[in-house]
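What TrEMBL says about this one:
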- ASN96, HIS101, GLU106: oxalate binding site (BINDING)
- HIS99, HIS101, GLU106, HIS145: Mn(2+) binding site (BINDING)
- 54-198: domain 'Cupin type-1' (DOMAIN)
- 1-26: signal peptide (SIGNAL)
Amino acid sequence: MASRTSTLKFFSLIICSLAIAEMAMAGDPDILSDFIAPPNGTVDGNFFTYTGMRVIFQEDDPKNFTVLKATVAEFPALNGQSVSYAVLEFPSGTTNPPHTHPRSAELLFLVGGSLEVGFVDTKNNLFTQTLQVGDLFVFPKGLVHFQYNADSESPAIAISAFGSASAGTVSIPSTLFATNIDDNVLALSFKTDVSTIQKLKAGLAPKS
């Protein structure tokens, strides 16, 4: 716990610069004012402050892969600012499954542990890397990508910056197997049988 806290504190100033860089490459529409105020509310310092990341320093390491987001949904002051953050916590042996962000590239900064990362471009080329503490890796906008903590003993933690206040996330496993796409369509697409597709869907079903 102490190690994780000190690591995040050490890198917090550096991470601020990532947001500035991402704003320069932002894809959100420009606004014609300094910021977008809430329709019914007082604008003061509290409006521009987000405290949702405090739990990182207050709780024990998670048992499962965990994402803490600071997007416009959680932090309304980001509306129109073309920037957002996510803190990704990987217990040993966990993965952030293949997914995309349709509205932004992702700039990931590894602040603890090690990660196997990669993405696939539109020509089906796979680009992978093993990241160590202090490394950055960019996942281009809209491309399928993943992160995996292959270390069997140590957790990993990373901070991602996005050039959109709402980058969006499309999880490939959930999109394919946790929606109502017909089993026959999936079986034909993956050149398998319906029973295999149903097993995959069952594995992604919410646990009661």
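Yeah, the Cβs are placed from backbone N, Cα and C, and that goes for glycine too.
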**Complete:** Model confidence over the domain 'Cupin type-1' (54-198), as mean pLDDT, sits at 96
**Item:** Rounded Cα separation (Å) that holds between HIS101 (oxalate binding site) and HIS145 (Mn(2+) binding site)
**Value:** 9
**Complete:** Given the oxalate site ASN96, HIS101, GLU106, its other Cβ neighbours within 8 Å of the Cβ centroid, in chain order, are ALA86, HIS99, THR100, LEU108, PHE139, HIS145, GLN147, SER160, ALA167, THR169
**Prompt:** Hey, how far is HIS99 (Mn(2+) binding site) from GLU106 (oxalate binding site), Cα to Cα, in Å?
**Reply:** 12
**Item:** ASN96 (oxalate binding site) to HIS145 (Mn(2+) binding site) - Cα separation in whole Å
**Value:** 9
**Prompt:** How many other Cβ atoms are found within 10 Å of the Cβ atom of GLU106 (oxalate binding site), counting all protein chains shown?
**Reply:** 24
